[in-house]
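Copied over from TrEMBL:
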- 41-64: transmembrane segment (TRANSMEM)
- 53-320: domain 'G-protein coupled receptors family 1 profile' (DOMAIN)
- 76-101: transmembrane segment (TRANSMEM)
- 121-141: transmembrane segment (TRANSMEM)
- 162-185: transmembrane segment (TRANSMEM)
- 205-238: transmembrane segment (TRANSMEM)
- 259-282: transmembrane segment (TRANSMEM)
- 302-323: transmembrane segment (TRANSMEM)
Amino acid sequence: MEWGDMDPPNSSTAGWSDTCFGVFNASEGHNTAQNSITSPWFSTAFGLIGLCSNLFALCVLLTSSRKLSSRARSSFLIFLCGLVVTDFMGLLVTASVIIPYHFFKFAWAKVDPGCHLCNFLGFSMVFFGQCPLLLGATMAGERFFGINHPFSRSTSISKRRAWSIVGLVWGFSCLLGLLPVLGLGRYTLQYPGSWCFITLLPNTGDVIFCLLFAFLGIFSVLLSFIFNTVSVVTLCRVYHDRESVQRRRDSEVEMMVQLVGIMVIATICWMPLLIFIVQTVLQQLPASGQAQMLPLETQKLLLIYIRMVTWNQILDPWVYILFRRAVLQRVYPSLRPRPSIFSLYPILNPSLRRKLTPD
């Protein structure tokens, strides 16, 4: 079945405006299917590379977590694990729908007349897209309080509480993704007809949901930037303090390097899409509010920005894989742990040394 067969009689979209097929012009999508940005190899290559990267990172995380005794570091690894699992499942779920379409070219209108598959794919795009941003802000907040207010908490976050926080982030993102299913906004088919996402049209519900999704993502990125900047400044002051040699801050620096890397990647990959959504929706507000079809150029730009977002899920795991002390010390042998209190005071008796030396 060709994409042209999906068009309603006389190429009218009047009967489709209230469904998930009313925003996308199927005939245009079919006629431009050979365009390079719609090549099926983009989705296939991105999906395979991302799945392998996240699976490898998950194995490294599980191996590292078994060797740790620091609660602060173990809770940070749990957040990282939640991020990697989210990225892995996001690529797996979306690729399982998008890649088969590219190779089989099935007709959405006949395979999914009730828009259930489209709603599921749109929900997945929102859920697995918003989760990494919220987890990044959560990790930045946890490190901010751990570094700047180390004595405000009697103990570090336990593993159980860390997993509970990850679960809360997943639950909140799930509620956000369900809003169009509950009536606020819509998930509609997008160019070139292989995926579904939020609807960038001037309808009231669509505008509210688009702005909610975009501003929540922008707020998460900005919050991460503020927390991480303050934490980095604090660590720099500690390391320039003459008494800092008595503190074993190497682990905290390692966590901050990884966290800053995650923030930079999220900013580069996500901010163009989020700003584009806000601009597109606000520019259309003077319109009459009736259901319209997105311009083809807007659909193409949306696809390009979504491709950029995909790189976030691919690059996130490599931040942890590459920016670890074990790896950095192999690349730069001059990087060594800072001197401990025992190298400064060798006269400490052996019994006291055993008490103060961490396991």
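Residue 1 is the first one shown; counting continues down the chain.
Glycine residues also receive a Cβ, built from the backbone N, Cα and C atoms like all the rest.
Just so you know, TrEMBL annotations never went through curation; they're auto-generated.
Note that the structure is a prediction, hence the values are computed from the model and not measured.
Only residues 6 or more beyond the boundaries of the transmembrane segment (259-282), in the same chain, are considered here, and those with a CB under 8 A from a CB of the stretch are 83, 132-133, 136, 139-140, 143, 198, 200, 202, 206-207, 210-211, 213-215, 217-218, 221, 224-225, 228, 231-232, 298, 301-302, 305-306, 308-309, 311-312, 315-316, 319, 323. When each of 41-64, 76-101, 121-141, 205-238, 302-323 is checked for Cβ pairs under 8 Å to the transmembrane segment (162-185), 121-141 comes out on top. Away from its own ends, the transmembrane segment (205-238) comes close to residues 126, 129-130, 133-134, 136-137, 139-141, 143-144, 147-148, 176, 179-180, 183-186, 198-199, 244, 247, 249, 252-253, 256, 259-260, 263, 266-267, 270-271, 274-275, 277-278, 281, 285 of its chain (Cβ-Cβ under 8 Å, at least six residues beyond either end). Under 8 Å from some Cβ of the transmembrane segment (41-64) lie the Cβ atoms of residues 77, 80-81, 84-85, 87-88, 91-92, 94-95, 98-99, 102, 194, 307, 310-311, 313-314, 316-318, 320-321, 324, all in the same chain and six or more residues away from its ends.
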